[in-house]
Amino acid sequence: YTMESFIASPSLGFYIVGAPRYQHRGRIVVFVERVANHKQIIEGTQVGSYFGSVLCSFDFNKDGTSDVLLVGAPMYHSPNHGGLVTMYTFNIRKREFVLAGQLRGIDRQPYSRFGASISEVADLNGDRFMDLAVGAPLENNNQGSVYIFNGGPSLPITFSQRIEAAQVSRGLQYFGHSLHGVMDMSGDELPDLTVGSLGRVLVLRSRPVISVQTTMTFTPDIIKMDNNDCNAKKQVKIKVCFILTKITADQLDIQSVITYNLLLDSVRTQFRAFFKPNERNLTATINTKTNFECRDHIMTIPECPEDSLNSIGNEVNFQFSGLSVNKLIGLKPILDPRSSTKRFFQKLCMNPITILLCCYFSHSENGERVTKDSFHSEEISVKFAVNIQVKKVEDSTNDVNFTVGKNNMKKFVEHCYEVENFGLREIPVNVTIKIPVELGGKPVWSDQNTLVIPNCTVSEEGPSSNVDFVEKLRKDQTLVRHRRGGGGTLKKFNLKEVQLKRS
């Protein structure tokens with residue numbers, strides 16, 4: 001019914017024949033070149049699948065030896081797919097064909113007859129590997145479709161393009177019934193794909209493929225935040241370049257439009273760089289015929305940003321639009337799908353850092369050690385942005401009223417505070433709480449031991465004096481407790497249920 005050759009090596013060749021109706025399941029038989037007896041038999045797995053009705057040997061890298069054998073079973077049926085292509089590779093050690101994978105069409109097409117035609121196609125995407133076309137002529141209610149699989153170092157698993165009959169012309173039936181794609185039929189120096197349908201043959205032209213690489217450079221390379229004037233601003237020149245490379249083997253003059261967007265400090269909500277005040281986005285367009293285009297933009301950075309230690313991450317993304325090639329109406333270049341349309345670049349901000357360098361020198365004379373060492377220290381200034389907020393919770397006690405002359409009157413006092421670090425870096429935080437312990441030489445608290453805050457220590461206790469209560473607080477003559485915390489973003493602590501008494 002079908003026959004195909006397979007070149008495993010310059011000295012080893014095979015002939016493969018298909019018998020799609022053998023015992024209703026189908027089979028393929030492998031014969032060694034110049035040997036009468038067959039080498040291997042591979043059976044179909046499903047009744048009525050027509051396994052072996054289509055055969056195609058595929059040389060991906062064009063080195064003269066076959067890389068994979070494709071076997072079509074267009075009547076294969078599953079709940080979501082109609083048709084199946086099975087791939088086999090030749091195992092040199094076992095000297096036989098082994099299963100390597102399967103190809104299928106899209107879901108929800110149980111009667112598409114995927115694999116009714118299989119054809120090796122010349123390099124369509126410019127990666128120097130041959131490509132593969134598979135027809136599904138009954139897809140979309142008998143209109144048909146063609147699937148393109150790009151070759152490469154490994155076997156293709158998913159299709160790169162699906163061409164529906166309705167995208168090509170109205171009224172087509174059984175589009176993809178036959179395929180051929182190794183010639184330039186249109187004279188544009190690009191390979192074309194010829195597709196057979198009911199009563200018509202169509203030639204589909206391939207298109208020039210353009211690879212685009214994005215680069216971004218900064219002048220100056222490093223931003224030195226060494227000015228104490230926070231009203232001053234730093235300006236940095238950004239150079240954005242697009243490198244266009246045509247990867248298909250044609251000599252056509254191409255034109256394209258690149259629309260790109262720059263986003264400064266893209267990983268932050270509160271950004272530290274801008275093109276205009278409060279604007280960190282910029283959109284621009286490049287019309288190009290060349291293979292290298294650059295544009296310059298000015299980025300402004302305030303002298304005292306919230307965080308001057310971490311780099312500023314900038315993002316660029318672009319859209320590529322090909323323009324029609326002269327004298328070839330409708331032929332437009334397309335972007336290589338391997339080109340990344342979004343890139344992320346970092347700009348280093350550098351603050352002066354305080355470092356204490358201590359150098360000790362000792363030497364010996366005539367084998368005797370000199371006990372006096374030479375010492376030198378150098379100190380470099382540092383500047384670090386800190387954004388810490390201490391906030392009292394609304395439910396905290398603001399004031400306490402009591403009646404003079406009454407003894408054993410007790411009031412409960414509760415104070416709650418939140419300490420939050422809004423910076424990006426975790427830093428140690430010390431919070432000092434001032435608590436009055438005496439008033440007019442008399443203790444304020446019924447039991448001073450109740451003044452307990454987790455992780456706090458008493459650092460000092462001022463002398464008692466008979467002065468104005470508020471004025472005393474202002475002069476720090478109070479019990480001081482310190483809360484020492486790590487670098488977390490939010491710390492909470494309570495001073496609660498301590499008893500206030502009058503003596």
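The backbone N, Cα and C atoms fix where each Cβ goes, and this holds for glycine too.
Those TrEMBL annotations? Automatic predictions, nothing curated.
Taken from TrEMBL, the feature domain 'Integrin alpha first immunoglubulin-like' covers 206-340. According to TrEMBL, the feature domain 'Integrin alpha-X-like third Ig-like' maps to 383-479. Here TrEMBL flags 37-97, 100-158, 161-221 as repeat 'FG-GAP'.
Averaged across the repeat 'FG-GAP' (37-97), pLDDT for the predicted model comes to 94.
Helix first, then strand, then coil: DSSP counts for the domain 'Integrin alpha first immunoglubulin-like' (206-340) stand at 0 helix, 71 strand, 64 coil. DSSP places the residues of the repeat 'FG-GAP' (100-158) in helix, strand and coil in these numbers: 4 helix, 27 strand, 28 coil. When the repeat 'FG-GAP' (37-97) is classified with DSSP, helix, strand and coil residues number 0 helix, 34 strand, 27 coil.
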